[in-house]
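Enquirer: Take this structure first; my questions come after.
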């Protein structure tokens, strides 16, 4: 068997993703597509528009054979940690290649990453410095090698996958396959291509409460019906922000300082500014809180860690304990899982036990509970306990 | 000068309270009435219908000369701790007597308390056992002495004041003066007396959004206008409960176990039941959570400690650091404060400094912040910082 891995958020799944899956299979000559997908929260620190089960099901409908959940400890992180967690899951699951969309598929990402690693090892200041963004490193390398600077998000992610493969020692074992991106950019909000719209554009249509017929050009029929119902989670600014205010105002500063990433005086600054601007809404608060030192996404993630009360120690522990959580599979996917069962080096979670929710799964469980609490309609089922993987024939 | 002290919640202030103030002054021949009043949260663990500043002002209009805030660490506690904190404030402020409404004013509360203390000291099991309710002790003593059992709330509070005077060593210094209660019972929800309605009945009228004219028989004119606007704080069940759910679901069990009173497996039970009944509303949840072991009020207070993230250690520290916080005074009250200034043994807080909010005042400050966050309308001013006592001529 030959399986190609894909890293995704599918927020929500659309024709562009289906195209990517088909193309990845074709290029790599794989018989199985294996996806590792963010859970209920996406990389930018926001709740996904639909929960992980619904998004996994749409992915299976759209051409994925297995969908694994990227654990929260990697999913809601800057690109290099996100990439490392995702690559680790895919390789552990048994893929022989990893495909990704790129703005410039002609680039040799692995070669670039090797040069970058060399540069990093030469420069002591870069060593183990996880605050240095990949964008900067990538661009320095690119500038050296090609004389040009690039900053497009998928190229950057591809570079991060290459770095992760090297860091984890899998570069010789797994092929990295760039696929030229087609259609809409991530940041593009308008609809330009007849059959492909960006996830951002689709979320915009959802917020306008468009009917299902407005989505059928860009997503599968079941997806169109789901999207027509609007987001499952309430919007951050309207619904979640009061809980963040509550958390920050009632938590003593010495406890806030335990939160992951609330370091270097950020806990104090958060408490101080939120106390001063109690009446401000989320956007206004963020404008006050934002500084040159941190990106908006970084701060947003930090606020999510705060909302979820995730301590530095908990995050460190969770990052040291990756696992394979199956969200769903097709018949082919089940065959793949069964065949690889004996080679898998990570714990496999199909069914969440009582012990897991306070142990290996505690961050995802907590994130799922918050998602349940914040759903617009009461969810039919809990996010973790009592759930079994979705099967799609 | 002769000052009579009164312990109150004034939730809200009404004619019955005005009558009690006048009567207390008359019986004790005092020239000044000194009130110690709960802050933004009342003894049963609920938010007060109006904030402490508004309630203090209505008390001054109704006949109080000085209003001190009973610190949160005593205000939201069972009767014996509530009484101890209140008596301590009044005696420190310089009162020579403490008056209180009683269902049976003919009882000699101090004599009963002396017998109760004797009984307590004889029985080792009772010693330092703060879980034993005063109702039980009081009733055992009463049954012994008078052959009858009583359980009315104001009699019980009077007994608690007597116990506190003895415990604090003030019994010879301060007179305890019961005043026969007139008109409505605490628990009475209907309006029966033409000029006196219980606070419960008034809150009921408020929830029905009655016009000011419906209140003028029972409260002062400024109070009637305030009451016609409805409660300032949102109702616990509607607005506060989601925040409690959020807090419990996102806080790891070992952290919940640090919360004051979440002992003996209660933290586990709270987390377990709230996880199981995520979709239940507050009343339904409480029905599940309630057990024979704890009273409703006790559990409600415990949930408030949880909502405010108050640890056992913080509460112990706060109880060891009482203070006098002036919320308001009349001209006569200011004169009284000035005259007693040099004798006062506790720290006096007129103006909240930056240091206090993370130190001596941290629980009240936190409670005030939560109250601000939960107010129906954005409050004009913060509850603590930047406030000066209300003066009423």
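Counting begins at 1 with the first residue displayed.
Just so it is clear, glycine is given a Cβ too, placed from its N, Cα and C backbone atoms.
Residues or ranges marked as ATP binding site by TrEMBL: B:7-20, B:101, B:154, B:181.
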Enquirer: Including all protein chains displayed, how many Cβ atoms other than that of residue B:7 (ATP binding site) lie within 10 Å of its Cβ?
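Expert: Step by step: centre on the Cβ of residue B:7 (ATP binding site), count other Cβ atoms within 10 Å, giving 24.
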Enquirer: Taking DSSP three-state, what's residue B:7 (ATP binding site) in: helix, strand or coil?
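Expert: Looking at the DSSP assignment, residue B:7 (ATP binding site) belongs to a strand.
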Enquirer: Using all protein chains in view, find how many other C-beta atoms are within 10 Å of the C-beta of residue B:10 (ATP binding site).
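Expert: Step by step: centre on the Cβ of residue B:10 (ATP binding site), count other Cβ atoms within 10 Å, giving 26.
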Enquirer: So if I draw a 10 Å sphere around the Cβ of residue B:16 (ATP binding site), how many other Cβ atoms end up inside it?
Expert: 22
Enquirer: For each of B:13, B:19, count the other CB atoms within 10 A of its CB; which of these binding-site residues has the top count?
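Expert: That would be B:13, with the highest Cβ count within 10 Å.
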Enquirer: With every protein chain in view, how many other Cβ atoms are within 10 Å of the Cβ of residue B:154 (ATP binding site)?
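Expert: Counting Cβ neighbours of residue B:154 (ATP binding site) within 10 Å gives 18.
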Enquirer: For residue B:13 (ATP binding site), which DSSP three-state class applies?
Expert: coil
